[in-house]
Amino acid sequence: MKTGRVLKISGPLVVAEGMEEANIYDVVKVGEKRLIGEIIEMREDRASIQVYEETAGLAPGDPVITTGEPLSVELGPGLIEAMFDGIQRPLNAIKAKAGDFITKGVEVHSLDRDKKWHFTPVKKVGDTVEAGDVIGIVQETSIVEHKIMVPYGIKGTIETIEEGDFTVVDTVAKVKDKDKVSDLMMMQKWPVRRGRPYGRKLNPAQPMITGQRVIDTFFPVTKGGTACVPGPFGSGKTVVQHQLAKWADAQIVVYIGCGERGNEMTDVLNEFPELKDPKTGEPLMKRTVLIANTSNMPVAAREASIYTGITIGEYFRDMGYSIALMADSTSRWAEALREMSGRLEEMPGDEGYPAYLGSRAAEFYERAGNVVSIGSEEREGALTVIGAVSPPGGDLSEPVTQATLRIVKVFWGLDAQLAYRRHFPAINWLNSYSLYIEKISPWMDENVASDWTALRIKAMSLLQEEASLEEIVRLVGIDALSEKDRLKLEVAKSLREDYLQQNAFHEVDTYASLGKQYKMLKLVLFFYDEAQRALNAGVYLKELLDLEVRDKIARAKYISEENIENIDAIFNELSEVIDQLISKGGIMNA
């Protein structure tokens, strides 16, 4: 391949000449240290190259060699439990080769070429296969069965296939189509900027259970859905993302740390091996892929890290798994776009972001979905994408937030005021929304309880009434309210503090199953119904608010999943206490 020459260097942007044989999005090696870059613009024989490593030390005249291939990821056994940088270089392998700091031009394979995996065929010689068909399985971790699929573009009859221990580049099967014989390895490559093909998209109808009460009850996201978590600094975006990565009922989690602080990735690395998956009892790390592209790594690689992560997510989706992808934070990705756009001297849009910010964000989020995979056997997989957005100063009218809100169906708006009041997760129930509620309400009513939707609507209306009553209280004081309105305020407070508030660092409260959420919500609303009955019978509000059973309602969140029937005892106690108050006839008649 012909070698070009560096003409100009501007931070992560390098312009090279003599590149007439190259194509846009080709990967190139720049300079004597062979820095990895990607062509993002071609003008005659000049190529504008986005370099994914530090460009200090490059000089005009340095060689630029094109590989003739687009930026691709290696897909195969070895992805789970691994930690990659933004362009899928394994950080453990880099540390072994170059020490604690990533040196320029270091080259390592994304997947280990020496490790052997036990391949068990599920097809036999003579079977006809096509792209997407599963030919064998590898038990990658104790909970992830890695399915080896026929790569896109290959079909035919299996000539040879054998069981045994192989590396990812060994031939495990041969497929013959007419006169052409294709060798199948356990590894395949896929360009990151192109979505992997699928048979057809399905309407998402099943919720992704997260164990976070405010999300599952009020603003659920479906498997295959899209959601965003915008919020100012310190409002808890990363903790929400960590909670979702820990407890979401997805089979695989892909966590992309895009331009955020390194200690947040350290938290994940420290916590996930210790925490147990509630369904399998195995460490959470055994179902997780980490992509660490922290704030002290080159800016340009942030742009690639988002695509690297979603391509890995699509690969596992094609196996028929449910995937949850967390991107923290898409604002840093947008800032990388803005920096490259500025250096390319493109016409700026709002706040300096490129005019194509909205279309790039849409390209990313539309790769989510609930799909039927390609292949002769139907497999249904789901890829759920949850992106954090970090608007400066919490201003939700800024371009990245607005571009994201036009695309995603769920908005979990984090509120600085709630965070300052130590209400976590600080998701504002008055601003947030989910457009999936109507689709998943039938599933909830069928699988959790027939009155789930009714309880949810009742609780939300109480919280909304509280907001309007608080305005009256601020103007004329609480004494202007009737006892029934004051009861509403108390029940709404109970909903906020005893139900919506959740401690991510408490061993019991960090996760609540749907069954427990239903009983807790019903308990708070049962108190409201019983208290209304008592008020109508002449009982005074103060007596109701002083009941000891209210402490038990507040502590219901700390009842473990094994002892969930203890909540039923609180229902019975509450009924008895209210009946006693009514029979006594109120404080004046006592």
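Just so you know, glycine gets a Cβ as well, placed from its N, Cα and C.
Feature annotations, reproduced from Swiss-Prot:
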type	residues	note
BINDING	GLY231, PRO232, PHE233, GLY234, SER235, GLY236, LYS237, THR238	ATP binding site
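DSSP assigns PHE233 (ATP binding site) to coil, not to a helix or a strand. Note: LYS237 (ATP binding site) has non-local neighbours VAL229, PRO230, GLY231, ASP328, SER329, ALA388, VAL389, SER390, LEU414, i.e. same-chain residues 6+ apart with C-beta under 8 A of its own C-beta. Highest local Cβ density among the binding-site residues GLY231, PRO232, GLY234, GLY236 belongs to GLY231, counted as other Cβ atoms within 10 Å over all protein chains shown.
It is SER235 that, of the binding-site residues SER235, THR238, has its Cβ surrounded by the most other Cβ atoms within 10 Å. Taking Cβ-Cβ distances under 8 Å and a sequence gap of 6 or more within the same chain, the neighbours of PHE233 (ATP binding site) are SER390, GLY394.
Taking the mean position of the Cβ atoms of GLY231, PRO232, PHE233, GLY234, SER235, GLY236, LYS237, THR238 as the ATP site, the remaining same-chain residues with a Cβ inside 8 Å of that point are SER390, LEU414, ALA416, ALA419, ALA426.
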